[in-house]
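Going by TrEMBL, these are the annotated features:
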- B:36-540: domain 'Cytochrome oxidase subunit I profile' (DOMAIN)
- B:1-28: region 'Disordered' (REGION)
- B:48-69: transmembrane segment (TRANSMEM)
- B:89-110: transmembrane segment (TRANSMEM)
- B:131-151: transmembrane segment (TRANSMEM)
- B:171-199: transmembrane segment (TRANSMEM)
- B:211-239: transmembrane segment (TRANSMEM)
- B:271-290: transmembrane segment (TRANSMEM)
- B:297-316: transmembrane segment (TRANSMEM)
- B:322-345: transmembrane segment (TRANSMEM)
- B:366-388: transmembrane segment (TRANSMEM)
- B:400-424: transmembrane segment (TRANSMEM)
- B:436-457: transmembrane segment (TRANSMEM)
- B:477-503: transmembrane segment (TRANSMEM)
Amino acid sequence: MWGVIKSVLAAFFGVQRERQRQEDFENGSPVAFIIVGVVLAVVLVVVVALVAVQASR
Amino acid sequence: MAPKLPPHHPLEQSTSAVAGGQASAHHSPPRGIMRWLLTTNHKEIGSLYLIFSLVMFFIGGIFALVVRAELFQPGLQLVQPEFFNQMTTMHGLIMVFGAVMPAFTGLANWMIPLQVGAPDMALPRLNNFSFWLLPVAFALLLSTMLMPGGGPNFGWTFYAPLSTTYAPPSTTFFILSLHIAGISSILGAINIVATILNMRAPGMRLMDMPLFVWTWLITAFLLIAVMPVLAGVITMMLMDINFGTSFFNAAGGGDPVLFQHLFWFFGHPEVYIMILPAFGIVSAIIPTFARKRLFGYASMVYATASIAVLSFLVWAHHMFVVGLPLVAELFFMYTTMLIAVPTGVKVFNWITTLFRGSITFEPPMLFALAFVVLFTIGGFSGLMLAIAPADFQYHDTYFVVAHFHYVLVPGAVFAIMAGVYYWLPKWTGHYPNVKLSQWHFWLSVIGVNLTFFPMHFSGLAGMPRRIPDYALQFADFNLVSSLGALLFGASQLVFVAVVILCVRGGEKAPAKAWEGAEDLEWSVPSPAPLHTFDTPPNFRPHEH
Amino acid sequence: MRKSLVWMTGCLGFALMVPLAMANAWNMPVGVTDVSREIHSLHMIIFWICVVIGVVVFGVMFYSLFRFRRSQGAKASNFHENTTVEVIWTAVPLLILVGMAIPATATLKKMYDASDAELDIMITGQQWRWRYEYLGEDVAFNSNMSTPRAQIQGDEPRGEHYLLEVDEPLVLPVNRKVRFLMTADDVIHSWWVPDLAVKQDTIPGFINENWVRINEPGIYRGQCTELCGMDHGFMPIVVEALEEEEFDAWLAERKEAAEQEAMGVDREWELEELMERGEAVYGSICASCHQAEGQGAPPAFPALADNQQLIDDLDWHLDKILNGVSGSAMPAFRGTLNPVEIAAVTTWTRNAWGNDTGDAVQPAEIAERLSD
């Protein structure tokens, strides 16, 4: 699970080692990546929103 | 574009006829106009899309030249403000929905099956339908200009209530035509997704796909996500105009700002719909003519995906001055600034690909390089516009006009032209004339910069957009812009000449028309026969 | 070689544009408020950041294009993907952006703080003029473009402030915080004066807030920046910033004039008097749609000259002026014109261009209708 999160975070940042990428794409189903991706996208929105709320104080 | 019809190979037909008598009836296409009306072949439909978009490019271009001619000097000389507003509106609508989007769909139709090794698109009849909706939509849209009260005159963003309560009577037809064009886009996108996900050659994994295919896959998802939002918002307009609802009418308790939220929730992803496939084209051309692998294939895919995700989170940066709450301003400022990061990654990747390559400057490469430079300039002004406090000064001025024309003209349009030059040998079997192509390139680059660079200055100096006449201090900038526009417009005639000459003849191109080209489309003969990959190709994943 | 020369000339051309961009008429004005100065400096910082990044990025690019030409015997190497480089070029822009976001946030917070204003002004956008109301002071007026049509059509030489001049400017004091409350009667407009760094959409059904504290007296010009229909380009804004005492004197004078006008409601007006006043009101308010000769621009803007319904039915006529026509461009004028002006313009339209009804509509009559 942690590996999936790390890979998705790397994708968000846009940088990934080729070896790690190969491994990710060997590992069967993409469903785990999609779920984690959606969740982390929501987390990103919440984080930016929280920063904005904090900054507007 | 307009390729000489590829010869039918009787041999191929007879092989498929073996499968049964019905198949041979299926394979003898009707002649003349019916052939084009009924075609389900991805190459023919691709050509239709491209020809349609070229026609629209010239119609939209003529509208732009009317605008530039009126703005050539202060005062009203040629047209009245009502007509001027119709020209700016129609120019925007036609270029966005009629020229750029269909051009990319045409390239997708032609190239995606060839690049993934599929015999055709997944849904060929749907493909025919989605193309033929377009001429209907745009004939209807153009006809509104002949209706009493004139055509749409409220800008391509058609903000309510100017586009509802205060709109000309033809607006209902405008809404219908956008609905038809929207249906065409959604169907086209569904077809592309189905083709890419289901019809790749055996052994081609997602991360083996050429970047043009990747960027189109992501673009298609964006289209499927946002075109219904556009359909929804124009339906609400339709109800406001004809059925007495008050979605956007403040007097009836409605909310004009709601319109803008809905429009830009469609509109901002739409901006990326018009640029992501361009990234894909440029990412194919630069490695080919630098004779070197793309520096970061995976980063390019990831950056495209993250641009697509972020494009849903930035829409209100078009609305910084409508009076959003402070928190919303900050949120959209931060997300908009974030989107600069993956865009930067793309530019850095292209440049690193050039570094220590073995570079030649064929016409497609010229356009791709100009794309990188001039798109980046558009990116810089985009970064400036992201700074919300400064946007209070930039918003709705010519600075914005300069910004989005830099990303759309030397951005999207140059990428389309680069793609056309790149794949013309595959389509027609001939190389485009090099001398003429170079003339086209240099005239276009000079014209585009003369037109749009001074707009930065007139905008900063205080000239609002969409005005038919202007104060005297803006006269010099506008004069230069108008001359540049004339040059740019005229030089596109050279482009048409290149394409026509290339269809009719020219230096013969081999299957692999460019030395450094790697993808599957270069494994079929030039010109590509009407039917390719009847049996799936042998795909060897070359390392990206 | 020739190609790279052309490229280099191109780059040089762009580089030359940078100092030119510093010249005043080419750049964003510094303006005359603290906020406008801050915005200008944000603009210049982000501009220079872009210039530096541009020089580096395009420098590497053109060096590569020049140095690694195949015609010069360059052989392609085969390197690709380098995690360190990629992390750097993702992280560095991110840090620069965070660095930009901090001052931008601070300025934005300042712009959003309209508290403790000493003067409130209601700004209303209408097709195609601005209306200013000094709240609590009983002073209100419309501000129309004063550039003659003859200049626009090219029949007269164009003046210095062509398209940027009005019949009545918005007068403001310096050194006092002035709050703007902004709305619109018909479509969305946008009120922009670059020197004040105030740009705010005025939206029907919404009241937006903005504020300004002007540091220097002077005349500042701007325009409507949101497409609002036919005459969007002819909706200028002029702000006249006065020293505080001068402003107080001006406001007192305007208040007195408003009182005089209010008294005018009670007396009987002669036809000629009403016609004279009505012609002026018509010219500044009605003529932009219904045209100078009352011929209108059908179908959007109906003709008034020779309009049988208008001639026959005074009640219908007054109802349209007072309450507007919903679903059309005709606004309700009950709130924006005073009884004298409404009476005068009604009289004018009932007697001009051969409408010859002979009606002299009295301000008192209008005042009575308004109080109903």
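Including glycine, each Cβ sits where the backbone N, Cα and C put it.
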Inset, instruction - Look at every Cβ pair spanning the transmembrane segment (B:436-457) and the transmembrane segment (B:366-388), keep those 6 or more apart in sequence, and say whether at least 3 of them are under 8 Å. - result: yes
Legend entry - Highest-contact recorded stretch vs the transmembrane segment (B:131-151), from B:48-69, B:271-290, B:297-316, B:322-345, B:477-503, CB pairs under 8 Å: B:48-69
Legend entry - Ranked first among B:271-290, B:322-345, B:366-388, B:400-424, B:477-503 for CB pairs under 8 angstroms with the transmembrane segment (B:211-239): B:271-290
Inset, instruction - Please give the average pLDDT for the domain 'Cytochrome oxidase subunit I profile' (B:36-540) in this predicted model. - result: 95
